[in-house]
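Marked as active site, charge relay system by TrEMBL: ASP136, HIS192, SER492. The annotation domain 'Inhibitor I9' is assigned in TrEMBL to 58-101. Residues annotated as domain 'Peptidase S8/S53' in TrEMBL: 127-539. Positions annotated as domain 'PA' by TrEMBL: 346-426. Annotation comment: TrEMBL describes 606-707 as domain 'Subtilisin-like protease fibronectin type-III'. Per TrEMBL, the feature region 'Disordered' maps to 181-200. Per TrEMBL, the feature signal peptide maps to 1-21.
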Amino acid sequence: MESFSILSLLPILLFTTVAAAAGDELRTFIVHVHPHENHVFGTADERPRGTVPFLPEDSRLIHSYHHVASGFAARLTEQELDALSAMPGFVTAVPNKVYKLLTTHTPSFLGLDAPQAGRRNYSAGFGDGVIIGVLDCGVFPNHPSFSDHGMPPPPAKWKGRCDFNTSAACNNKLIGARSFESNPSPLDQEGHGTHTSSTAAGAAVPGAQVLGQGAGTATGMAPRAHVAMYKVCGDECTGADILAGIDAAVGDGCDVISMSLGGDTEPFYRDPFAIGTFGAVEKGVFVSMAAGNGGPGPGTLTNDAPWMLTVAASTMDRLIGAQVRLGNGLSFDGESVYQPNISTTVTYPLVYAGDGPKPNATFCGNGTLDGLDVKGKIVLCDRGNEISRLDKGAEVKRAGGFGMIMANEFTDGYSALADAHVLPASHGTVLGTKPAPAITSFSSRGPSPQNPGILKPDITAPGVSVLAAWPFPVGAPQLFPGPTFNFMSGTSMSTPHLSGIAALIKSKHPDWSPAAIKSAIMTTADPTDKSGNLIVNEQYVVANFFATGAGHVNPDKAVDPGLVYDIAPAEYLGFLCSMYTNREVSVIARRSVDCSAVTVIPDRMLNYPSISVKLPPSTTNSTAPVVVSRRVKNVGEARAVYYPKVNLPAGVVQVKVTPSSLQFTEANQVQNFTVSVWRGQSTTAKFVQGSLQWVSNKHTVRSPVSITFA
């Protein structure tokens with residue numbers, strides 16, 4: 001392995017004036033190098049004084065990476081990049097990309113009742129001693145959700161810092177806050193980061209509500225876990241900043257990383273999320289990631305690397321109901337947070353926005369209702385066309401409308417979201433609604449575009465109309481005084497639920513690996529809703545595993561799964577070698593990797609908690625089975641016997657599990673098994689799905705199984 005010397009960069013880095021004179025365009029690149037001497041590539045405030053004396057204070061070096069990547073981010077011209085790529089030790093450079101945010105009843109819905117009198121009545125615990133690093137758009141530190149009442153100091157391993165103007169902004173709950181984007185303040189100016197971090201680990205706050213709706217006590221999933229905010233989003237979220245945030249979170253000592261961010265899927269060796277989180281998981285940090293809001297079409301999910309937990313979004317059994325009653329007596333139920341007192345004896349004319357003269361007026365975009373008489377009327381707008389729901393209401397109000405009805409597109413089915421609209425709208429709080437949970441329309445779907453042998457998403461959790469902390473007043477604060485909260489929807493909201501639940505498991509089992517924690521979450525998930533029926537999608541049709549993953553998270557069961565499917569970091573390298581070249585794998589691994597010296601692991605053979613196989617066409621030698629091997633570790637009772645139970649459509653496929661039982665005599669004992677799959681009867685289906693369960697006297701360890709026909 002050749003070392004990369006900073007001295008060799010001297011002719012490249014001393015060119016600011018020359019580049020400007022030549023008029024070359026500067027672009028930001030993430031540069032990956034071999035790790036030798038990488039410590040010299042810091043920004044001015046990170047480098048020891050005198051380390052690189054020839055670099056000016058306004059150097060175009062932006063970030064240096066030490067823990068989860070080897071290299072730096074810098075603003076370079078194409079000519080400079082070409083020269084840099086010829087230097088010894090250079091691996092690759094990736095253009096900086098822009099990503100996006102994937103935008104209290106839930107603890108009760110998940111079986112985690114809020115703390116009362118200092119106690120919590122469930123086995124999962126509180127998340128004591130665990131540090132959750134949230135990468136988002138900052139945090140509002142003065143919200144009571146970040147009160148440290150009764151919180152102990154952070155663990156001794158904590159190395160982070162608080163970059164607010166006053167150190168008093170941080171405490172034993174919010175133990176750190178840093179910014180990696182252009183604004184040096186980690187203060188949340190959007191609300192998204194405050195919402196997600198309080199969902200993961202917010203303290204209990206009684207009297208939470210939004211415009212009088214959803215009233216109760218708001219608490220995070222792990223109310224005694226510590227929180228650190230890494231602000232990587234401001235006007236935009238860039239890959240260079242995100243990678244720097246992951247790098248810092250790992251270096252600071254976080255146990256769990258939560259990212260409600262995403263973008264277009266790309267090869268892992270070009271993806272800062274995949275690169276950064278691989279380094280994090282390799283160092284024992286659990287990572288929870290949003291599946292994306294691109295649903296309901298197939299293959300729309302992002303963040304699909306097997307070392308990260310990919311989280312889908314589903315509904316709760318709470319409806320922020322609003323009813324519209326027409327003059328002909330018909331009534332329609334929708335949702336809206338803003339529900340002023342309106343006389344039920346007064347009627348208002350109804351007008352369809354699509355009758356207006358402006359193009360796309362049906363979607364009620366800014367200015368599109370001009371020329372349509374909507375004054376004092378209720379306006380029917382169509383959902384979609386990349387116009388936010390709140391912006392539609394704002395346009396109706398601007399044009400003089402009294403209220404709004406927002407109609408779903410067909411693809412949205414029955415999915416409705418509660419928003420704090422600026423006028424009466426339909427899209428009181430009702431608990432116990434059915435079906436719940438149900439997959440919502442925006443939740444991105446599998447199969448994984450890059451590794452179809454890994455079933456994605458992994459899990460689903462509440463992501464619709466989630467109430468959590470908010471930095472700003474919502475609506476008329478004089479009518480609803482007290483701490484500010486807001487409803488938000490997205491896989492951005494479901495992701496921190498899993499981050500908090502991972503903290504609960506980590507607190508109970510501090511020696512478990514990220515893969516073991518993921519396995520516990522997946523193999524104990526519920527495939528059915530609260531009524532015992534299979535989970536449905538936005539059309540109220542039974543959802544497949546490309547929507548639900550293993551099912552809906554069950555925190556109480558996850559802390560005691562019985563068996564776990566563990567994965568060592570070296571196995572991920574074998575998996576990567578089945579997909580990429582030596583150089584590409586080396587970018588992800590942060591070191592030189594020779595795949596010819598690595599045991600290559602095809603995606604279906606990775607020791608994943610779910611199973612996904614592709615059967616060859618029936619015209620080929622279909623009598624040979626496709627064989628999948630797995631191993632499980634006993635983390636339950638020392639002496640236990642598990643028997644397999646296969647649930648797949650009879651006749652369509654044939655499945656054999658070997659051996660016929662798994663017998664354990666001690667804790668942490670490992671047993672291996674194989675699953676052989678053949679084609680059965682002829683079928684026109686593209687895939688069939690079911691499960692493999694290992695059942696003991698106490699535990700049921702369930703793995704979803706998806707079989708695709710070529």
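Any Cβ shown, glycine's included, is placed from N, Cα and C.
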Spatial separation of ASP136 (active site, charge relay system) from SER492 (active site, charge relay system) - C-alpha basis, Å: 10
Rounded Cα separation (Å) that holds between HIS192 (active site, charge relay system) and ASP136 (active site, charge relay system): 7
PLDDT averaged over every residue in the domain 'PA' (346-426): 84
Within the domain 'Subtilisin-like protease fibronectin type-III' (606-707), residues counted as helix, strand or coil by DSSP: 0 helix, 59 strand, 43 coil
All-chain count of other Cβ atoms within 10 Å of ASP136 (active site, charge relay system): 28
Among HIS192, SER492 [active-site residues], residue with fewest other Cβ within 10 Å: HIS192
Summary of DSSP states over the domain 'PA' (346-426), given as helix, strand and coil counts: 19 helix, 15 strand, 47 coil
